[in-house]
Amino acid sequence: MLRIKQRASGLWRLLTSMSLGITLLLLAIVFAIAGTYNPQVFASPWFLLLSGLLTLNIVCTTGVRIRRLIGRDTTVPRVFNSQKDHRLISLGQCSPERVTSEAVGELKRLGFAVNLKEFEQGRLITGKKRAWVKFASPLLHLAVVLLVIGSVIGSMWGLKGHYQIEVPGQADLTKDGFPFDLRVNEFNIEYYEDGTPRQYTSSLAIIKGEEVEDTRNIAVNRPLKQQGVKVYQSTYGYNLEGSIKRGDETATFKVEEGDLIFLGGPAHLAMEVQWPRYLVYSQGIPFSMGIAELNEPLNILNMEVTFNERIPFTGLEVKSDPGLPLIWLSFIIGLLGLTLRLYVKPQTIWLLQGQREGNIELRLASGQRVKEQQHAEYIAQRLGGIFREECSFKV
Amino acid sequence: MMPVIERYLFEATFWIYALGAMLFLLYTVTEKKRLVSVAIFLAGAGLVIHTSGLVLRAVNIGRMPFANMYEFTIFFTWGLVLLYLFSHRKQPIPLLGTVVMPVAVALMAGAGMMNGAARPLMPALQSHWMQAHVATAVLAYGAFGVSFGVGVLYLIRESQSVPVATSASATGQGQPVLPALETLDTMLYRTIAFGFLFLTLVLITGAVWAEQVWGAWWSWDPKETWALITWMVYAVFLHGRFTRGWQGRRTAWLAVVGFAAVMFTLFGVTWLMPGLHSYN
């Protein structure tokens, strides 16, 4: 039993240790580098395990951090344990209440929020400024956890689909679980003066049941948002419809422009079209080329290829991602946490007021920052000055 | 006409930075303080001309000039020099220019070899998020460039077993050429903290933008992944420093490695790995 307990506490210490965190981060770097050469890495169980461990480490360390921050101090701060971390001011025979009220007054004048607590070693007067900033780092780490949760939710309950819809035409999104169907009424490409594309626009009708609920235009960078579903302008292209006649036999085809049309025959012919140019390969080797026209038969060896229609299609990316709000939230609180952590500094000054042989002793300690030490110095001087007249003062 | 003026402005910028870098190098040899003032002045003057070149290009092409490698490299150099001058105001370290300015010169020279033809913005790039993405990247990478310089100086300073030679012999002022290790260490932290905040913004604006264009806020594209790798390298730096009290040589090396990751993200990925960011 004891053994299990020991093991468990050892495991807990490991999980909440920064060494593990840094090691996992370094490992994640190695994995990510490998992943840029082979994207399979990011889907591998090892990478998922690593991400899981890293998240667990962040959750545990942050949990411990928060508990320490909100938990009550049961002992005096560690700085009072060693002589060199604090200074001792001996105030002689003063009234303890008077000393406390002066110290509290000085701290408050400097803008510190003051807290009193009695300990075995004496009365602890704690002055804090911007103490809430200590929560910035946990906040930042919670943002990372939120990001992980958001992406897990997205991958488990999100829907995603790519639809190539002929114009005009309709896509049955409802059969894939989306709440509406889409009809594409129009697709347009705007061009710059030099002929490069400026924008691709699809004009869509949102259909529920049999009724058109709304009509909307979408373009690259301007997706449609409806009922938690987003529709993106993703690609475009053309479908080619036509027929191949060989002797008495006629076969029809419908392919996406750019894809190969297999003509067959003893020469294993295949045709690739970039309208209006076409290229014929024989067993992968270029064989002939030319310009195609709609409804004009092309004679290739003993075959007759005719293109009847060239139908434009728009490629739409449709998705719903229930994790997305969490992702955005994590970005906001992560940025907030990071900015506070890096640029707003909390300050703490401690005074431990005790008695020895009837003399009042004040122990003064502060954080490491210059500002804190300046404030501590100032308080030491002030208190020294005040009590010099009334008590036998010595530092 | 305008493209010609614009090209002259960038060429002038290159030569002025180059002259500044030469003076910094000369300073390391002669330790004459006056050289530093002149070199800093040249860096400032170069930055003014650099800025006017960028403004002219923006007017010329009718948008912010950061859509291809040429434009981004020039913009990145601008950020580097800007942040270097800013750091010089806060904490002047004359030798920092000896490391940073040659990097700026190399980047300008590199840009000069790239295709500078302005092309209209493809639809995916037409987004305010994209502008925020690049603007924050310029500041982040500029800060990391400066931190790289500080890291290098730290390693040099540390390798000198004897206290660093003073410039007393040259100028009689008796000031050490390199500041104390603690000063360099603090500066290393400050520049990296600044860069890290902005790199976080780069990742966030990029994610928001990608979600708007492609419908996926993260897709393990090599450029994205490398930006994340860079982020993680600096995250290791910050964690080591905050919680384990890492200082000195180890953090200086991390600053150097971090900047190598920045440069690889910027150039290596673009030229060696296909992905959403290799727009050409």
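Numbering starts at 1 and runs along the chain as it is shown here.
Cβ atoms here come from the backbone N, Cα and C positions, even for glycine.
Remember, TrEMBL labels are computer predictions, not curated facts.
According to TrEMBL, the protein has these features:
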DOMAIN    A:40-257  domain 'ResB-like'
DOMAIN    A:307-374  domain 'ResB-like'
TRANSMEM  A:12-34  transmembrane segment
TRANSMEM  A:46-64  transmembrane segment
TRANSMEM  A:139-159  transmembrane segment
TRANSMEM  A:326-344  transmembrane segment
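Within its own chain, the transmembrane segment (A:12-34) is flanked in space by residues 41, 46-47, 50-51, 53-54, 56-58, 60-61, 63-64, which lie at least six positions past its ends and keep a Cβ under 8 Å from the stretch. In terms of DSSP helix, strand and coil, the domain 'ResB-like' (A:307-374) has 25 helix, 32 strand, 11 coil. Under 8 Å from some Cβ of the transmembrane segment (A:46-64) lie the Cβ atoms of residues 12, 15-18, 20-21, 24-25, 27-28, 31, 35, 138, 141-142, 144-145, 148, all in the same chain and six or more residues away from its ends. Within the chain, the transmembrane segment (A:139-159) has long-range Cβ neighbours (under 8 A, six or more residues past its boundaries) at 51, 55, 58-59, 61-62, 65, 176-178, 229, 318-327, 329-331, 333-334, 336-338, 340-341.
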